[in-house]
């Protein structure tokens, strides 16, 4: 009994596969070695993403639509590739080794990108700020560098945050409390990296050189990796399950379809399930029956012709299906976020960016206000909002995960509505001063864009952190790395969706010689219409989210019941049952 208190209770092991002592491994001690990497990786990513649209238009001579599309496509790839990285980690080599291999690919991509903007033969020549057209070789090398980074991110992004969460034992009441704050502070370190990128790196890129602007985060990544490996003795590792998760997920709907003509028993106890001792002795989690997606229950009907699926296997499939419904309604919010590094930046380049008489703020640096609002909001959320709401609701998180997402989505809609209103104001100034040239500065301060940036940052404290925690918490235990890719892939597809939308909107509105809403000359476009279009589809999407959330049943978790005195799960279930607005 004493030994059970000394060793971790969730079955985590060290790198050699041996049980680990709870007192000497994991928790915040281990996570401290991971936070540095997250900060430098985000600094590298946002150092590229926040100013990439300007590099593509000014150095590689791409037009507005092409540059926005290429930024979205690359960002989308960065967020989509984690699906492969998570699957490899969960099914084959684990999070640590997947991260190790992928981080080296990431660093290689950063080195290649730094070469692409510094080596004379690999970059276009420029004189007095005007660059010659890049050769096919130069463009190809540049994009190879970018997509090498995307491949590396595929293995690092889904595994580093999940690996951090693994450092907290879900069977320990004390450590489970600590995990509640983990994702908030994990994202806080991410925001720090993004802040340095949008404030420091963007300025360095435009004033001291792109090579230095990309070289600094490359060196930072290398240093953070060294720090990461110094912490190896303190890390806890989840044991890789040998089950074929993809096969199991496909097997359930196939079996349910084959049994479609059979009558499902009224009593779920008549469905096929293994003894609980089997799960305990094999280190697996038994999942109890839930009254949702009842058509899948037919896969567990006992028949003489074939071996049925277990209730646990069916419930895992139900859980993934429920996550998919929530995931689908996160795509539009991700499309709104895609504006920050694309159209918001291009919008900013048309405005007066002077501070004082000499200093001119880079348009992409306004993205730092997204990060600043996040940095200010995370401690307030964690230290003030959560304790206050916890007293009101009895929920350890203050509000449910889906309520958190709903608040974030609503704030995003307000932000994009304000962006549309500011663009209307900009067009009035353009008309008043008879501005027609795309290079002519609109006599309107760039700080008019501050509200839309700041609100998106505040919304992200609810939205981004909430999504990451939701998909990790609600995923089946055996596929939590893969579960976090619901978060990353949603962002990725949101970027691809924005790429598709700007392309189609441009084609439709410019058809027959009409004026494109998103033309090369933003001083003669209707960006306000595009933002208004995003507001409309976001409101429709919000309605779909409320409906999907009202139908969602949270994962049953005996440990959560113990942690909250039996109130957490029951409270969330009642909230879902009483009102479709209580999500």
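Just so you know, the numbers here start at 1 and follow the chain as drawn.
Keep in mind that glycine also has a Cβ here, set from the backbone N, Cα and C atoms.
What Swiss-Prot says about this one:
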type	residues	note
TRANSMEM	74-94	transmembrane segment
MOD_RES	98	phosphothreonine
TRANSMEM	99-119	transmembrane segment
TRANSMEM	134-154	transmembrane segment
TRANSMEM	182-202	transmembrane segment
TRANSMEM	210-230	transmembrane segment
TRANSMEM	320-340	transmembrane segment
TRANSMEM	361-381	transmembrane segment
TRANSMEM	405-425	transmembrane segment
TRANSMEM	446-466	transmembrane segment
TRANSMEM	485-505	transmembrane segment
TRANSMEM	529-549	transmembrane segment
Recorded stretch that, among 74-94, 320-340, 361-381, 446-466, has the most CB pairs under 8 Å to the transmembrane segment (134-154): 74-94
Segment proximity, the transmembrane segment (210-230) to the transmembrane segment (74-94), 3 or more C-beta pairs under 8 Å: no
Those residues of the chain, 6+ apart, with a Cβ under 8 Å from that of the residue listed as 'phosphothreonine': 85, 88, 89, 155, 159
Candidates 182-202, 320-340, 405-425, 446-466, 485-505; stretch with most C-beta pairs under 8 Å toward the transmembrane segment (529-549): 405-425
Cβ pairs under 8 Å between the transmembrane segment (485-505) and the transmembrane segment (182-202), at least three: no
Cβ contacts under 8 Å made by the transmembrane segment (405-425) with residues that lie 6+ beyond its boundaries: 326, 330, 333, 336-337, 339, 344, 347, 399, 444, 448-449, 451-452, 455-456, 458-464, 466-467, 470, 527-528, 531-532, 534-535, 538-539, 541-542, 545-546, 549, 583
